[in-house]
Amino acid sequence: MNTFIYGVLPYIALTIMVGGTIIRYAYGERGWTTKSSEFLSKQDLKWGSYLFHGGLFMAVGGHFVGILVPKFVTEAAGTGEHAYHMIALAGGIPAAILFLGGFLMLLKRRFAGSARMAANTSSIDKWLYLVLLLTIVSGTAATIQNIPGAFDYRETISPWFRSLLMLQPDVSLMDGVPKVFQFHMFLWMVLAITFPFTRLVHCLSLPFEYFFRRDIIYRKK
Amino acid sequence: MKIKAQISMVMNLDKCIGCHTCSITCKNVWTNREGAEYMYFNNVETKPGIGYPKRWEDQDKWQGGWELKNGKLRLRSGAKLTRMAKLFYHPNQPELDDYYEPWTYDYETLINSKRKNHQPIARPRSLITQQRMEIKWGPNWEDDLADGQSARQDVNLRNMGSDIALEFHDLFMKYLPRVCNHCLNPACVAACPSGAIYKREEDGVVLVSQDGCRGWRHCIPACPYKKVYFNWKTNKAEKCIFCFPRLENGLPTVCADTCVGRLRYMGVLLYDMDKVKEAAATPDKGQIYHSVLDIIMDPHDPEVLAAARKEGIPENWLKAAQDSPVYKLVKEWQVALPLHAEYRTLPMVWYVPPLSPITRRAEADVYLPEATDMRIPLAYLAELFGAGNTQVVARALQRLLDMRLVMRAQTTGDRLPARLEFDVETYQAMHRLMGIAKYKDRFRIPAGLQETSQEKLHELQGTCGYTCPGGC
């Protein structure tokens, strides 16, 4: 079972995420949008959206460092295990509060807010909200549960994830990982599978090219 | 000098009777779809009034258009970096209630109702939530000053800085049909983070690529005329497409073609693309109009023609530019003015300001009054069409009056006034174009850019028109 979940499923998930996104971009660009609902319900979007996206950027940054930067690198830079854990908590807990808080505000807005929001909520959106909720809650729960620092994910989860990227998955690293972390691992794979079918694709459209283009565009047929 | 061709429109407001035929025909062709029910690519407003969407002219609220910051032109909504922070929530985006909530009626109850003492009624139902709703505002709630209070909230009255009596005996109103202005310096294009909005190279029509649009919504507040709309179903931006499938066939837009007052004109203008930015950055807002006239080039000038040929503008387009009714009204006679030139987008839909009845105090026994005796205050028209500059509006009105004087004198044999600006032939030509207004004189659109047949237009009806039939 562990072999499947930690050795096979990640590849299935990442393949669907990358392949599905490419296919959607090639054949379904017309439907590629942020799916903004600000037009239907504006006032209750402001704080929820800013908190959610702000927390999201912090969380993404934290995961990037925690997973992709090997332990010996930070230790060579003079950051011991305890110091690293404190820094991670100092960033992680505020990120979790913003991320989860913002998400709950958006959740309330979507399902207990204006009746007009139904026009912007499809069934895939409902699944997405469920998966996102579980992912964020499990991530927050894992962070809080591990405040004492008994479990070192940088000895287990991070090397496992890097082994995935090296195409040599080391499933044994995931033995004995606390349940809440395991649940969080399972959920990111579910999220990756859902990704190309949801509005989440808009994160790939952050308009950096806007800074480099001229103001008025003329286009030939 | 880099010459570009622009399809442009003039509306002669002197003849607009506010019948909304343009709005209805446009709606039936382009926005009779779910997600677009609330959109009017073409709408007609009664002025004074707050319009559609509500208070669209209040740029303190929407931050639309351009402004001069330390002498440099930039979007009023701020620099690129500050606007990027608005991707997640745009404080200036209009919402549904700024337009109106679209509705239908429960018509079935009229047929299915059981026998009762009272006649059954069809109650309104929201097209967004599908629930019963109370109608509180509509796309033309203020028709003919129907909503008395909203007329007083007209933004132009505030800007005039003097008291306008909306008392019954001095009451005035006029109609203002509005489409996308297909500006030379469009703020929506500059504001689009995805680069999805563009001006067509060959005719200057401003379009939203439905593939490229990502729904960041920055175009909607950026357009000072609020003529870009958010489709709540496809979650992308849409706007007036100047009926480009018709233009490509040499036909005018639906709104222009069906106008029963025959007040719309369409034709080609040639302009100098290199000077657009400079004209938009004219320091004095009252002079922007003159700067725009300067970059609209004379299609009879051999130098201009040579430059145009160098840019690859086809011969039939140059011919159309020479015959263009728009060029005559805008540049030769200078009776057509831009709407709110102070937004600095250089709109390419122009308006001949309306004459109006004489005020009571001037009533005495004048037959043809001076422009300043009109019931619609010059200062008000100047807010709309002169960026506050009353002179250009007064001059245009006086030319309309002179045209009437000349034509009247031909019948009555009266002596012509001494201070005429043009010769009699010019006034007769003005009369032919504006008074008689034959179909073939009003529209001079070069066809043949694309092999699209008439049948294809019928297939396109009901789609949003950005793609092949059946698409979207």
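From the backbone N, Cα and C atoms, a Cβ is placed for every residue, glycine too.
According to TrEMBL, the feature heme b binding site maps to A:His53, A:His63, A:His184, A:His202. A sphere of 10 angstroms centred on the C-beta of A:His184 (heme b binding site) encloses 23 other C-beta atoms. DSSP gives A:His184 (heme b binding site) a helix state.
Across the domain 'NarG-like' (A:2-221), the prediction's mean pLDDT works out to 95. Residues or ranges marked as domain 'NarG-like' by TrEMBL: A:2-221.
Per TrEMBL, the feature transmembrane segment maps to A:6-27 (among others).
According to TrEMBL, the feature transmembrane segment maps to A:47-70 (among others).
The feature transmembrane segment is assigned by TrEMBL to A:82-107 (among others).
According to TrEMBL, the transmembrane segment annotation covers A:127-147 (among others). Sequence-distant neighbours of the transmembrane segment (A:127-147) (same chain, 6+ residues past either end, Cβ-Cβ under 8 Å): 59, 89, 92-93, 96, 99-100, 103, 107, 110-111, 153, 178, 180-181, 183-184, 187-188, 190-191, 194, 198-200.
Packing against the transmembrane segment (A:185-212) from elsewhere in the chain are residues 5-6, 9-10, 12-14, 16-17, 19-21, 23-25, 32-35, 124-125, 127-128, 131-132, 134-135, 138, 157, 174, 177: each is 6 or more residues past its ends and has a CB under 8 Å from a CB in it. Positions annotated as transmembrane segment by TrEMBL: A:185-212 (among others).
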Given the binding-site residues A:His53, A:His63, A:His184, A:His202, which pass a C-beta cutoff of under 8 Å against chain B? Sequence order please.
A:His53, A:His202
Near A:His202 (heme b binding site), which residues of its chain come within a Cβ-Cβ distance under 8 Å, counting only those 6 or more away in sequence?
A:Trp32, A:Thr33, A:Thr34, A:Lys35
Excluding the flanking five residues on each side, which residues at least 6 beyond the ends of the transmembrane segment (A:47-70) place their CB within less than 8 Å of a CB in that stretch?
88, 91-92, 94-103, 105-106, 109, 139, 153-154, 157-159, 161-162
Including all protein chains shown, what's the count of other C-beta atoms within 10 A of the C-beta of A:His63 (heme b binding site)?
16
Rounded to whole angstrom, what's the largest C-alpha distance between any two of A:His53, A:His63, A:His184, A:His202, listed as binding heme b?
23
